[in-house]
């Protein structure tokens, strides 16, 4: 496969993540440079420094460009405002807010002005604001992490790398369980509109899901090379035209995650498995304002509202169209 074709496939597979543009002024650059020099002298890993600088830019942008203050001029109330900004404007998760909190403690300590943040730190400790969040059975995958995993799979030497990356991208778009995507057959798929019928579900309830236009373009190209193309044949096939094994795609995902952990791009204490995509998709939809009852129906959770299951077809179509619009603007 030519490099240009591979790049086009990568561009289609990777999620379009919108990030608020930060105006990096000379003053912001000065603080970043001071922090970077100190951390490098401390022998901190480059990958850690990079992720810290990314978060620090957000903080410096807020206090310098929004509040009009230098970091050493902040009051306790300003730190409260910043974390409210992370929560309500940037939609930063609670676990990520804790990372910002830990970073700011380091920032003020290494720049020798810890007294500025000390009151906020003590107050936060007393009020258990950033107490360690209980680790769930699996951690969720977000769009940024998913892109790293997809790129790792695409760049591998595997003969099935495009198929495997496409399966994982469809898992994100649809929020499906792995078995639900691998069980898809041609008769379940509307490849003109990117609509899929999920029939053999854990809850024994049929549901309809959708995919993005980028995923659909790749699917249309991929199915041309399937060994078998009858209505009862699987959408994703192995070299003999049979169903792709769940163990295979789980191992592909696990290998990519482990490599990223070794590179320091994913924290080693994160419990990331292929089912983490489903958890992450649920969080992503809720963060984007999709009503919780629609998310329950879309993902096929056992606790989904029964009134939505039997809702009028028009209401169900509107729900799907709403999710399709979100996929198009990612």
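Cβ atoms are placed via backbone N, Cα and C, with glycine included.
Database features, via Swiss-Prot:
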ACT_SITE  177  active site
ACT_SITE  202  active site
ACT_SITE  275  active site
ACT_SITE  278  active site
ACT_SITE  301  active site
ACT_SITE  310  active site, O-(3'-phospho-DNA)-tyrosine intermediate
DOMAIN    22-112  domain 'Core-binding (CB)'
DOMAIN    136-325  domain 'Tyr recombinase'
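Where Swiss-Prot records a feature, it is marked here on the structure.
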residue: 177; record: active site; Cβ neighbours (10 Å): 20
residue: 202; record: active site; Cβ neighbours (10 Å): 11
residue: 275; record: active site; Cβ neighbours (10 Å): 17
residue: 278; record: active site; Cβ neighbours (10 Å): 22
residue: 301; record: active site; Cβ neighbours (10 Å): 16
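Note: the Cα of residue 275 (active site) and the Cα of residue 177 (active site) are spaced 7 Å from each other. Among the active-site residues listed (177, 202, 301), 177 has its Cα nearest to the Cα of residue 278 (active site). A straight line from the CA of residue 177 (active site) to the CA of residue 202 (active site) spans 9 Å.
Looking only at the domain 'Core-binding (CB)' (22-112), the predicted model's pLDDT averages out at 93. Rounded to a whole number, the C-alpha distance linking residue 202 (active site) with residue 301 (active site) is 9 angstrom.
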